[in-house]
């Protein structure tokens, strides 16, 4: 009975994550044994888009890989343990996803993670620059507002920087905005799309409710409350987990969604749009998240901010100083590395 139930669910999951024909994407997850890494690896293993899944961490990866390898989907899974095995994990990869790092605990901001996670991201991206310089790099490790500039500076140091292939995964902000708007309006969240621009921390998270499809209207007080909830949704989860972690399952879902969109676009699917924190000329910040048209070579076209309301304009103006500081902090970290 259970197996009869499980198969349609598995098929539905696969369909929900991709509409493309089968492909042969080689994907690596760095930080695969962690709270985000394990469920993210499960979702990637479940996708017909992925033919090879290589998992890296400093502990437990052989076990995670063995467990996932028993799942009856086509992706071949292999685990790699410790720095000496990292080069083999990365060779030949098309996409590298990096959720590695320490999670937030109650009372911590994403920025409090900087010192630990900056070193981890710099080390891992240096290996990517050496062993898979052409791969798409998707950074989940917080603070994304600083870890993307770190990644870019590391790739520049190695002479292989391509701004169209480095993405800060902010998809969870869009997923949350879609969910919260759908809850308030009684809509199917799968049919709601709210662009979220800016960055990926606190007030730098700017949901453009005015651009939501389908169109929705909220009184100003409700709009302010909704915006605040989207901005602080990560903290909501950290508090609810009471010291036992941060948003891992929803982040894994959002990370998988972004990877599948990217792979679909790399396969030639047209009209694939996702928001992501990338190098940008849309504002005075050198990095900024906006809707992006994805293509075979990564970022095909930045679709920009579009028409916005005075309320949204004000949020952008207030976010820019914080974003600039976070970006500079990341860039300075790499410049000062020994």
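In case you wondered, yes, glycine gets a Cβ from its N, Cα and C as well.
Worth saying up front: this structure is predicted, and the values here are computed from it rather than measured.
With 31, 32, 33, 34, 35, 36, 37, 57, 140, 141, 142, 251 listed by Swiss-Prot as binding NAD(+), the candidate from 76, 117, 162, 164 annotated for that site turns out to be 117. Of the candidates 16, 51, 210, 246, Swiss-Prot marks one as phosphoserine, and that one is 246. Counting only same-chain residues six or more apart in sequence, the Cβ atoms lying under 8 angstroms from the Cβ of residue 200 (active site, proton acceptor) belong to 110, 142, 143, 144, 145, 168, 170, 173, 277, 289. Each of the binding-site residues 31, 35, 37 was scored by the other Cβ atoms within 10 Å of its Cβ; the lowest score goes to 35.
Taking the mean position of the Cβ atoms of 104, 110, 142, 176 as the substrate site, the remaining residues of that chain whose Cβ falls within 8 Å of it are 143, 200, 201, 234, 235, 238, 246, 247.
The shortest Cα-Cα distance between residue 328 (N6-succinyllysine) and any of the recorded positions 33, 37, 117, 176, 239 is the one to 117. Of all the recorded positions listed here (104, 239, 296), 104 has the Cα closest to the Cα of residue 141 (NAD(+) binding site). Of all Cβ atoms in the shown protein chains, 24 besides its own fall within 10 Å of the Cβ of residue 110 (substrate binding site).
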